[in-house]
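Annotated features in TrEMBL:
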- 3-275: domain 'Sugar phosphate transporter' (DOMAIN)
- 63-83: transmembrane segment (TRANSMEM)
- 104-124: transmembrane segment (TRANSMEM)
- 130-150: transmembrane segment (TRANSMEM)
- 162-182: transmembrane segment (TRANSMEM)
- 202-222: transmembrane segment (TRANSMEM)
- 229-251: transmembrane segment (TRANSMEM)
- 257-276: transmembrane segment (TRANSMEM)
């Protein structure tokens, strides 16, 4: 939740989003490397074969963040969060085509309700920015792809969230360096960054952006490996309850309308319904195990 506001605050003062992403990945690489050298983590060292298997994860991840940052320049925070809430529906569809099948009826309907709320909210957004919306929808596609691949990598390759995050950051750097040079951000972005570093307030939010980016990626990869890609996206829906409310009053750029408020409420209700459905499903799965354990104890 904090990352959305921190990134928005940084971009309001520093428009070079790709350079910001490059700095986040560089900070991640150095932190994990030195943590492994000093024995603070048991993450394994760099392996070329593993890197080859994870290169798509890295490409999709960076494309997701790049398009998300670009969308924040033209989309207000409540609508940005709402559009990103389409990710569960995209993950549900991707899971079906990848052979995971269709979840329970309640899970499926809750995800559809979440998406319906986004559409209703968008109809009430009078600050509609076609470019911003396009960037946000593209970000949803790439986020779906990399979460599905992270889930598969954790299950099939036995990689921890720290290891996936390390490979992701290392593989990202060449691509990002090429991108900031090709788009013309570098070297002007660095000279502007050094000039702005004299401002304490900007320096604080920049450091917060780097640190929180690392924390967010770690927890997101961990959640995806332990649970599933779909659950990770639904968790994002639930945390949006507070961030959406704050987005209406912080950082500006929002015209409140009955449609976008109604849509966001429906969107949130879908997320709550999903959580309830998954909780009931988990309890049902536990019940046969508890009964078998009880029978074994009596014997």
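Just so it is clear, glycine is given a Cβ too, placed from its N, Cα and C backbone atoms.
Restricting the average to the domain 'Sugar phosphate transporter' (3-275) gives a pLDDT of 78.
In this chain, the transmembrane segment (162-182) lies out of contact with the transmembrane segment (104-124); the count of Cβ pairs under 8 Å, excluding pairs fewer than 6 apart in sequence, is fewer than 3.
Long-range contacts of the transmembrane segment (162-182) within the same chain, counting only residues at least 6 positions beyond its ends with a Cβ under 8 Å from a Cβ of the stretch, are 16, 18-19, 21-22, 25-26, 28-29, 32-33, 41, 43-44, 46, 50-51, 54-55, 57-59, 61-62, 66, 150, 153-154, 189, 214, 217-218, 221, 225.
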